[in-house]
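S.K.: Feature annotation from Swiss-Prot assigns N6,N6,N6-trimethyllysine to Lys4; the stated evidence is sequence analysis. Annotation source Swiss-Prot lists substrate binding site at Asn113, Thr163, Lys167, Arg285, His317, Ser369, citing sequence analysis. Taken from Swiss-Prot, the feature active site, proton acceptor applies to Lys165, His284, supported by sequence analysis. Swiss-Prot lists Lys191, Asp193, Glu194 with the feature Mg(2+) binding site. According to Swiss-Prot, the N6-carboxylysine annotation covers Lys191, on the basis of sequence analysis. If you look up Swiss-Prot, you'll see Lys324 marked as site 'Transition state stabilizer', on the strength of sequence analysis.
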Amino acid sequence: VGFKAGVKDYKLTYYTPEYEVKDTDILAAFRVTPQPGVPPEEAGAAVAAESSTGTWTTVWTDGLTSLDRYKGRCYNIEPVAGEESQFIAYVAYPLDLFEEGSVTNMFTSIVGNVFGFKALRALRLEDLRIPNAYIKTFQGPPHGIQVERDKLNKYGRPLLGCTIKPKLGLSAKNYGRAVYECLRGGLDFTKDDENVNSQPFMRWRDRFLFCAEAIYKSQAETGEIKGHYLNATAGTCEEMMKRAVFARELGVPIVMHDYLTGGFTANTTLAHYCRDNGLLLHIHRAMHAVIDRQKNHGMHFRVLAKALRMSGGDHIHAGTVVGKLEGEREITLGFVDLLRDDFIEKDRSRGIYFTQDWVSLPGVLPVASGGIHVWHMPALTEIFGDDSVLQFGGGTLGHPWGNAPGAVANRVALEACVKARNEGRDLAVEGNEIIREASKWSPELAAACEVWKEIKFEFEAMDTL
């Protein structure tokens, strides 16, 4: 067969509706919005080509390899209900296209180049199916849910956290004081804000020292294990590791990383260190909305969540369903289960396009944070269940009597909700009543109930843009 130069339609090579997907293929579901006049098969095939072996013209060197073995294939196209010019293109990628144990390489291939493609008006990666064979090349979360509970000796309830505010401007000593008060009042964790790294007003080493002091003092006084998410995110991987090593030397239980701004390579490096050295790893998703907020373009958060479980993290922020940050309930619960469970069935009503088996990767605790307070506690306990971290920043520090009473109020509200649930009461129906009853014997909770009695963050869903 002679080499035939020139441009030919992608669909001749990359649209293969007869293809039987293999157990080892990575499968992707893309929401494609083609330019007017571009047929769906051509657009779907273009996505498969540009994210695997294709380029814009036939090249002589195609003859030196086996395209059949290495090409991505668009194997199915389905229209999106209620959208005229949109459809879901399913693409299968042979496993050999990807480096083992590298989320970075997986994303560079699948979403690296194709999103700027001229034939498409918009493109969104809705979901990925990661095959068992590929998952087994990743360490995943440093410890996972069960090991974390055993380390902390805390069972049968969600864990409570609090982000220290104001996030920027406190000195290290005042910051440590706020940490101590929250932990002393009854929280399990406090947290560095995602943009607290090492700024002129508070260098990282000073903060680490004062926070460690706060942890040990509050542990001694409460008899409970406490933690503070020390943010190790830095400008270079070496500096990040230096901070993680210092945290380990202080003997604290947990560090933190901003995995999207820090990058997957840095994150996976840190996750490996955390497992080797017994540190838990809390993950913040700063920058996620840049990628996942638009309905037609970018990447859905469930893909970023799957990537994090592969790269490694023990906690990750996952929206609230009830607070100030958006999240539709079923969709949010879909990716919360993707983070926690070993096996998740395909369920389009929850946005899950593929059945996903996590083999033996540990689970990640979802963190609910953002505009939540004591009145939300019954809903949060009901929606997220025991395996979660409920994080109240303003909902702790905004208490009229101060940080420690704010922490007390949250802990009392949580214990009341868990107790009521265990007695068989319906939190969705009786939630407000349960909180009111508990506030009768907790003045701290009563004061919190009074401050936030009618606050609701209710706006139309943003996904309609």
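Each residue, glycine too, has its Cβ placed from N, Cα and C.
Context for these features, please: burial, neighbours, distances.
M.R.: In this structure, Lys4 (N6,N6,N6-trimethyllysine) belongs to neither helix nor strand by DSSP; it is coil.
Counting every protein chain shown, 11 other Cβ atoms lie within 10 Å of the Cβ of Asn113 (substrate binding site).
DSSP assigns Lys165 (active site, proton acceptor) to coil in the three-state reduction, outside any helix or strand.
Sequence-distant neighbours of Asp193 (Mg(2+) binding site) (same chain, 6+ apart, CB under 8 A from its CB) are Thr163, Ile164, Lys165, Lys167, Leu168, Asn231.
In sequence order, Gly161, Cys162, Thr163, Ile164, His228, Tyr229, Met256, His282, Gln391, Gly393 constitute the residues six or more apart from Lys191 (Mg(2+) binding site) in its chain with CB-CB distances below 8 Å. According to DSSP, Lys191 (Mg(2+) binding site) sits within a strand segment.
Under a cutoff of 8 A between CB atoms, and with a sequence separation of 6+ in the same chain, the neighbours of His284 (active site, proton acceptor) are Glu194, Asn231, Met256, His257, Asp258, Tyr259, Ile316, His317.
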S.K.: Just jot down the residues in the same chain as Arg285 (substrate binding site), at least 6 apart in sequence, with C-beta under 8 A of its C-beta; none if empty.
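M.R.: Result: Asp258, Tyr259, Leu260, Phe301, Leu304, Leu308, Ile316, His317.
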S.K.: Comparing the recorded positions Lys4, Lys165, Lys167, His317, which residue's C-beta has the most other C-beta atoms within 10 angstroms in this structure?
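M.R.: Of Lys4, Lys165, Lys167, His317, the one with the most crowded Cβ is His317.
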S.K.: Across the record's substrate-binding residues Asn113, Thr163, Lys167, Arg285, His317, Ser369, the largest CA-CA distance in angstrom?
M.R.: 36
